[in-house]
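Annotated in Swiss-Prot:
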{"type": "COMPBIAS", "residues": "93-108", "note": "compositional bias 'Basic and acidic residues'"}
{"type": "COMPBIAS", "residues": "109-118", "note": "compositional bias 'Acidic residues'"}
{"type": "DISULFID", "residues": "26-37", "note": "disulfide bond"}
{"type": "DISULFID", "residues": "31-51", "note": "disulfide bond"}
{"type": "DISULFID", "residues": "36-75", "note": "disulfide bond"}
{"type": "DISULFID", "residues": "61-83", "note": "disulfide bond"}
{"type": "DISULFID", "residues": "77-94", "note": "disulfide bond"}
{"type": "REGION", "residues": "93-124", "note": "region 'Disordered'"}
{"type": "SIGNAL", "residues": "1-17", "note": "signal peptide"}
């Protein structure tokens with residue numbers, strides 16, 4: 001029975017892993033996954049939208065795009081991060097989501113991470 005549940009779980013993980021996000025169109029081009037469309041209103045590249053990667057830890061970020069789905073200067077944060085006011089003058093930066101820290105990641109059992117890696121490998 002446990003084996004059947006493990007097989008079902010692996011198949012479910014594979015199905016979700018293969019689902020693709022709807023690509024973002026930016027300046028007539030499709031952005032890669034984990035990116036957004038930014039249209040700077042200042043300096044070089046003014047008014048030409050371009051694809052940029054989602055924010056990483058401590059990168060500047062934005063929360064909401066305009067009505068066309070375009071961000072004015074920075075992408076939102078990548079997975080596991082949230083756009084949070086940090087320091088003075090309260091600039092928005094990508095920070096670990098509350099409740100998550102390196103220690104909590106380290107304290108997770110190795111069985112869980114091994115199972116996840118096995119699932120990824122079996123997806124092809």
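Placed from the backbone N, Cα and C atoms, the Cβ positions cover glycine too.
Here the features listed in Swiss-Prot are painted onto the structure.
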residue: 26; record: disulfide bond; Cβ within 10 Å: 21
residue: 31; record: disulfide bond; Cβ within 10 Å: 20
residue: 36; record: disulfide bond; Cβ within 10 Å: 21
residue: 37; record: disulfide bond; Cβ within 10 Å: 21
residue: 51; record: disulfide bond; Cβ within 10 Å: 18
residue: 61; record: disulfide bond; Cβ within 10 Å: 24
residue: 75; record: disulfide bond; Cβ within 10 Å: 26
residue: 77; record: disulfide bond; Cβ within 10 Å: 25
residue: 83; record: disulfide bond; Cβ within 10 Å: 20
residue: 94; record: disulfide bond; Cβ within 10 Å: 24
C-alpha of residue 94 (disulfide bond) to C-alpha of residue 61 (disulfide bond): distance in Å? 6
In angstrom units, rounded to an integer, how far apart are the Cα atoms of residue 51 (disulfide bond) and residue 37 (disulfide bond)? 5
If you run the three-state DSSP split on residue 77 (disulfide bond), which class comes out? strand
Checking your reading of the structure: which of the disulfide-bonded residues 26, 31, 37, 61 lie inside a 10 Å Cα sphere centred on residue 75 (disulfide bond)? 37, 61
Which disulfide-bonded residues sit within 10 Å of residue 31 (disulfide bond) - Cα, from 37, 61, 77, 83: 37
